[in-house]
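**Q** Right, I'll just put the structure down here and ask away after.
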Amino acid sequence: MTNLIKNVKDAFNSVLSYAPTHILQAPGRVNLIGEHTDYNDGFVLPCAINYQTVVAAAKRDDNIVRVVSVDYGNETDEFDITQEITFQENKMWSNYIRGVVKCLIGRGYEFKGADISVSGNVPQGAGLSSSAALEVVIGQTFKELYNLDISQAEIALNGQQAENEFVGCNCGIMDQMISAEGNENHAMLLDCRSLETTAVSMPEDMSVVIINSNKKRGLVDSEYNTRREQCEEAARIFGVKALRDVTIEEFNAKAHELDEMVAKRARHVITENDRTEEAAKVLASGDMKRMAVLMAESHASMRDDFEITVSEVDTLVDIVKNVIGAEGGVRMTGGGFGGCIVALVPPMLVDEVKAAVEELYEAKTGLKESIYVCQATNGAGLVL
């Protein structure tokens, strides 16, 4: 993060010609287990990772917000918070910032302008929530600059609202919530219905290894919508609000009445919820052998019942599994059809995992992976 801090400070100084008063950060995240459970009112178990979006900021006396994007060649954006805040077709990055500010005002918070420079190293397009980190760090910035009486949960909800309503991208609450509320060496069990969060301690020094298959993700939107409709249909047949309310026993008793495809989708969600709740318990007790089993079962369920993995991702999981055995867990993470796998790896096996993936993955698939070795880190806050 030191480089990011230097970059935002330098950009602030050179473009705005004075020094910032505050440095803030918000992290990206990875979901350890609990896939496609969020929109079924279920449970997820993400952790924040030490790839961040960092902001240098200072208050202004007027109502202007000026933003410098270091990652877009110090491109700037400027808007007046007393005027209508509008969507910018030609500066997509600035819409996340405009949206967050607009939603804060809409929620009744009062503040004046700010000068902001921003840079991040959360890999984009890898499903590690670079957009949520940006939304959360901007909310955090106005909280700190103006001592706003806003909770971390509300900063997260405000970011989600900005993405849904202003940017126009439909997302659940997980990404913003873990970015706002993460804890070092902890994952977070999030109940997507009540939004209740529980910090879950992780074995000390456990590496969180994220490997991007770099398989271009096709069909994501249409397939995602189909899965969602199938889950809603299953919930209707069971007469419940969401699949969260169906036990595996209830499912087994009625599965024969469901369309075969709908039954497979529902079985994934119902068993994944059970796995996620159990994973929170076994992770906290340091039982990595059981965690390994749960992550393997999660992957198999995504592959066979939810049918969202692809051969490249399955190959990556197998390569890592062969190295770590029962010492750690590995599975696909994210929406599916490409994207990343996540592995919990004891530190002494990290180099071996990297070597195996580098030797075998490209040879088997023709694609070159990207590897990120992370630790579970703190959520958003002041750095300086």
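The backbone N, Cα and C atoms fix where each Cβ goes, and this holds for glycine too.
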**Q** E35, H36, T37, D38 bind substrate according to Swiss-Prot; which of Y224, Y361, Y372 goes with them?
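**A** Same substrate site in Swiss-Prot: Y224.
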**Q** Going by Cα-Cα distance, which of the recorded positions (R29, E35, T37) sits nearest to G127 (ATP binding site)?
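**A** Checked the recorded positions R29, E35, T37; minimum Cα distance to G127 (ATP binding site) goes to R29.
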**Q** Which site among T37, S69, S130 has the most other CB atoms no more than 10 Å from its CB, taking these as binding-site residues?
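**A** Sorting the candidates by Cβ neighbours within 10 Å, the top entry is T37.
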**Q** Rounding to the nearest whole angstrom, report the longest C-alpha distance spanning S69, G125, A126, G127, L128, S129, S130, S131, listed for ATP.
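**A** In whole numbers, the farthest two Cα atoms are 21 Å apart.
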**Q** For G125 (ATP binding site) and H36 (substrate binding site), determine the Cα separation and express it in whole Å.
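**A** Spelling it out, the Cα of G125 (ATP binding site) and the Cα of H36 (substrate binding site) are 18 Å apart.
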**Q** In whole Å, how far does the CA atom of R29 (site 'Transition state stabilizer') lie from that of L128 (ATP binding site)?
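**A** Spelling it out, the Cα of R29 (site 'Transition state stabilizer') and the Cα of L128 (ATP binding site) are 5 Å apart.
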**Q** Do you know offhand how many angstrom separate S69 (ATP binding site) and T37 (substrate binding site) by C-alpha?
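**A** Per the Cα atoms, S69 (ATP binding site) and T37 (substrate binding site) stand 34 Å apart.
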**Q** For T37 (substrate binding site) and D175 (active site, proton acceptor), determine the Cα separation and express it in whole Å.
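**A** Cα of T37 (substrate binding site) to Cα of D175 (active site, proton acceptor) measures 13 Å after rounding.
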